[in-house]
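*Asks:* Here it is: the structure, laid out below.
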Amino acid sequence: MEGGEEEVERIPDELFDTKKKHLLDKLIRVGIILVLLIWGTVLLLKSIPHHSNTPDYQEPNSNYTNDGKLKVSFSVVRNNTFQPKYHELQWISDNKIESNDLGLYVTFMNDSYVVKSVYDDSYNSVLLEGKTFIHNGQNLTVESITASPDLKRLLIRTNSVQNWRHSTFGSYFVYDKSSSSFEEIGNEVALAIWSPNSNDIAYVQDNNIYIYSAISKKTIRAVTNDGSSFLFNGKPDWVYEEEVFEDDKAAWWSPTGDYLAFLKIDESEVGEFIIPYYVQDEKDIYPEMRSIKYPKSGTPNPHAELWVYSMKDGTSFHPRISGNKKDGSLLITEVTWVGNGNVLVKTTDRSSDILTVFLIDTIAKTSNVVRNESSNGGWWEITHNTLFIPANETFDRPHNGYVDILPIGGYNHLAYFENSNSSHYKTLTEGKWEVVNGPLAFDSMENRLYFISTRKSSTERHVYYIDLRSPNEIIEVTDTSEDGVYDVSFSSGRRFGLLTYKGPKVPYQKIVDFHSRKAEKCDKGNVLGKSLYHLEKNEVLTKILEDYAVPRKSFRELNLGKDEFGKDILVNSYEILPNDFDETLSDHYPVFFFAYGGPNSQQVVKTFSVGFNEVVASQLNAIVVVVDGRGTGFKGQDFRSLVRDRLGDYEARDQISAASLYGSLTFVDPQKISLFGWSYGGYLTLKTLEKDGGRHFKYGMSVAPVTDWRFYDSVYTERYMHTPQENFDGYVESSVHNVTALAQANRFLLMHGTGDDNVHFQNSLKFLDLLDLNGVENYDVHVFPDSDHSIRYHNANVIVFDKLLDWAKRAFDGQFVK
């Protein structure tokens with residue numbers, strides 16, 4: 001319109017008389033106004049969506065699908081609308097009741113801690129009334145309880161303070177049921193565990209071990225006195241807690257309570273990492289500096305020793321443990337009592353190439369190597385499921401033995417070592433499937449060994465058992481005719497179990513009597529044993545789901561082409577299609593890949609969940625894809641071990657191949673393919689963008705990533721990469737180093753917490769420096785002050801997911817296109 005006005009103003013005045021000129025001026029002004037109105041109306045009409053007359057029309061940003069159901073949103077996910085309820089039973093751990101198992105457990109009901117029986121609903125024994133008690137004038141809250149095996153006393157923790165991921169300090173008390181009295185053990189106690197005979201409690205305070213007598217109601221002896229800020233007794237240091245035990249316990253009672261085995265961990269030679277905290281106290285003008293002993297790849301590990309303490313004579317002895325250690329470092333990965341006087345100890349060298357198993361005789365005070373095994377190109381994964389099998393002549397078990405998990409035919413299977421002092425074993429299971437974690441439980445009355453495996457599918461978990469006398473005669477416990485992921489916990493005598501169905505449908509829990517001869521093939525879930533009752537049906541969740549259009553997962557095995565040997569690359573995957581998906585649309589849907597991809601991990605498993613991926617599918621109208629590429633677990637040793645010494649290579653290739661497949665689909669917009677990952681997934685996101693160079697993945701979102709494996713802890717990293725000294729080139733290639741390739745993507749996002757004690761913020765800072773040095777600018781950064789690896793401090797968890805969703809929306813809207 002501006003150009004039109006200029007033309008009018010240049011008309012020569014002499015062609016008009018004054019009146020005509022004034023009239024023409026008025027007409028021109030009116031005309032201009034009319035043109036402006038018409039032009040504005042056209043623009044307005046163009047901005048309004050064209051409504052169809054069909055009743056199922058919805059606005060593009062509607063909260064409803066075409067069939068009138070609600071879409072999944074962050075608000076309902078965050079308030080746990082779709083979170084199934086699960087219950088844990090604290091089974092009474094008393095071996096004396098094995099032959100008369102009533103399924104006793106401790107629970108909180110009717111404002112009391114009580115002992116109940118799954119077999120006899122009328123059984124009710126009150127242990128403690130209420131969740132508070134008064135001690136020395138203070139009103140204290142019960143935060144956790146552990147009943148003594150004889151049910152006469154309770155071990156209570158209060159004033160809990162979180163330490164690292166698995167560890168907590170607290171004040172511990174013993175409640176005596178007969179006298180209704182509370183006796184304090186101590187404050188700032190790191191660990192407290194009942195002896196199996198209910199007489200004593202071993203506890204750790206100031207990194208020393210003490211014995212508290214429940215009978216005399218006092219601490220009667222100190223087991224150690226050399227504990228310090230760098231010497232840990234009975235309690236793991238940071239790396240043993242995080243990577244070895246995944247627990248806060250490094251002390252183990254013998255079955256009768258006569259001995260206590262424990263680790264003495266010396267981290268004096270371990271390098272120190274300082275983490276600054278900026279917003280802990282608003283009054284602070286200087287950061288609070290916290291120190292952590294953190295062994296990085298190729299640097300000294302903590303030195304661990306096994307000690308055994310005798311309750312009878314009050315002495316400790318240190319059995320000699322040595323093995324094939326290339327550099328003098330030894331990891332003690334598992335300690336298991338195999339009888340009252342013998343301890344089985346698993347060790348590996350620091351790179352997990354050699355497994356050495358020792359048998360310690362606590363009476364003779366000797367140690368012998370009973371197994372010495374190579375990983376044969378893979379690695380020894382740390383496990384904690386070695387299961388003691390007691391001698392029983394009736395069932396042809398003349399010696400104490402144990403069941404362990406071993407690679408048999410390239411897959412993880414059960415092996416029965418009939419004599420704990422021998423390396424000879426009986427193969428219990430075999431085939432192209434895997435036992436998950438290890439043996440689950442042993443029913444000595446029935447000679448049954450229970451386990452969970454992928455026998456039906458690597459994306460499912462079903463419960464089975466075998467009789468030790470009949471190897472490979474596998475009996476199904478759960479119904480394999482239906483897809484399912486199951487778990488089970490057993491009562492002391494293994495007669496009863498809490499069977500938990502985790503998906504893919506709505507989860508439930510029920511109590512099963514596995515000694516019942518009635519096989520309930522018509523019953524939902526189990527085909528063995530009698531279902532007594534449901535502990536949880538999640539009926540409220542089932543009702544809620546009727547109102548929502550939850551995008552469904554579709555599981556499949558993707559063929560990503562041929563590997564270097566000409567074999568098909570078959571990987572597990574699932575996709576989530578958006579609501580009202582229309583495959584006839586062309587170049588329409590963005591694809592949001594979510595990846596983790598760490599060695600021996602698994603994301604593609606048929607559990608029930610409604611979370612961030614479903615929000616993305618619903619709110620961004622995107623296809624969500626998850627691919628478990630090579631290196632991940634439960635598809636055999638060859639599939640997972642080829643990533644050894646070259647992390648980030650095959651994993652990234654497989655994500656790229658999957659993106660190429662999806663980009664070729666007619667309904668996918670190949671310019672809108674993104675990848676998101678956290679932790680190892682954050683690392684994999686950056687490595688994939690680096691290797692892809694913008695060909696398939698146009699966007700990436702990386703949260704708390706490792707960017708250089710020299711910066712991560714030694715125990716995890718060296719298991720898959722060896723040391724930097726042994727594998728220098730591998731560490732260079734596995735780092736995120738070719739940052740100019742990331743510049744070929746449209747844009748990427750980096751987020752990290754500054755207080756991350758696991759994947760240090762150092763990783764992101766070093767990466768950002770590389771970007772600066774190479775002039776790479778196509779990225780965004782968000783830093784979360786003082787947040788650890790979970791990114792939760794000061795509302796950070798809300799922000800991190802809001803940011804991810806908003807950033808992905810902007811990417812798919814084309815706001816980052818160069």
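Each residue, glycine too, has its Cβ placed from N, Cα and C.
Copied straight from Swiss-Prot:
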- SER679: active site, charge relay system (ACT_SITE)
- ASP756: active site, charge relay system (ACT_SITE)
- HIS789: active site, charge relay system (ACT_SITE)
- ASN63: N-linked glycosylation site (CARBOHYD)
- ASN79: N-linked glycosylation site (CARBOHYD)
- ASN110: N-linked glycosylation site (CARBOHYD)
- ASN139: N-linked glycosylation site (CARBOHYD)
- ASN372: N-linked glycosylation site (CARBOHYD)
- ASN392: N-linked glycosylation site (CARBOHYD)
- ASN421: N-linked glycosylation site (CARBOHYD)
- ASN738: N-linked glycosylation site (CARBOHYD)
- 1-29: topological domain 'Cytoplasmic' (TOPO_DOM)
- 46-818: topological domain 'Lumenal' (TOPO_DOM)
- 30-45: transmembrane segment (TRANSMEM)
*Asks:* Tally every other Cβ atom lying within 10 Å of the Cβ atom of ASN738 (N-linked glycosylation site).
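*Replies:* That number is 16.
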*Asks:* Can you tell which of the active-site residues SER679, ASP756, HIS789 lies nearest to ASN110 (N-linked glycosylation site) in space, using Cα positions?
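*Replies:* Comparing Cα positions, the closest of these active-site residues turns out to be HIS789.
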*Asks:* Recorded positions ASN63, ASN139, ASN421, ASP756, HIS789: which have a Cα within 10 Å of SER679 (active site, charge relay system)?
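*Replies:* Cα filter at 10 Å returns HIS789.
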*Asks:* Find the one among the recorded positions ASN79, ASN392, ASN738, HIS789 whose C-alpha lies closest to that of ASN63 (N-linked glycosylation site).
*Replies:* ASN79
*Asks:* Express the distance between the Cα positions of ASN421 (N-linked glycosylation site) and ASP756 (active site, charge relay system) as a whole number of Å.
*Replies:* 44
*Asks:* When neighbour density is defined as the number of other C-beta atoms within 10 angstroms of a residue's C-beta, which of the recorded positions ASN139, ASN392, SER679 has the lowest density?
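*Replies:* Candidates: the recorded positions ASN139, ASN392, SER679. Fewest Cβ atoms within 10 Å: ASN139.
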*Asks:* Return the residues near HIS789 (active site, charge relay system), defined as same-chain residues 6+ apart in sequence whose C-beta is under 8 angstroms from its C-beta, sorted by sequence, else 'none'.
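*Replies:* SER679, ALA704, GLY753, ASP756, ASP757, ASN758, VAL759 - these are the non-local Cβ neighbours of HIS789 (active site, charge relay system), listed in sequence order.
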*Asks:* Determine, using Cα-Cα distances only, which of these glycosylation sites is closest to ASN372 (N-linked glycosylation site): ASN79, ASN139, ASN392, ASN738.
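*Replies:* Sorting the glycosylation sites by distance from ASN372 (N-linked glycosylation site), the top entry is ASN392.
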*Asks:* I want to check the contact list for ASN79 (N-linked glycosylation site): same chain, sequence separation of six or more, C-beta distance under 8 angstroms. What comes out?
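*Replies:* Those within reach of ASN79 (N-linked glycosylation site), by Cβ under 8 Å and sequence separation of 6 or more, number none.
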*Asks:* Reported as an integer number of Å, what is the Cα distance between ASN738 (N-linked glycosylation site) and ASN139 (N-linked glycosylation site)?
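*Replies:* Each residue's Cα considered, ASN738 (N-linked glycosylation site) and ASN139 (N-linked glycosylation site) end up 59 Å apart.
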*Asks:* Work out the three-state DSSP category of ASN421 (N-linked glycosylation site).
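*Replies:* DSSP assigns ASN421 (N-linked glycosylation site) to coil.
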*Asks:* Could you state the CA-to-CA distance between ASN392 (N-linked glycosylation site) and ASN139 (N-linked glycosylation site) to the nearest Å?
*Replies:* 51
*Asks:* On average, what pLDDT score does this prediction assign to the topological domain 'Lumenal' (46-818)?
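*Replies:* Taking every residue in the topological domain 'Lumenal' (46-818) and averaging pLDDT yields 93.
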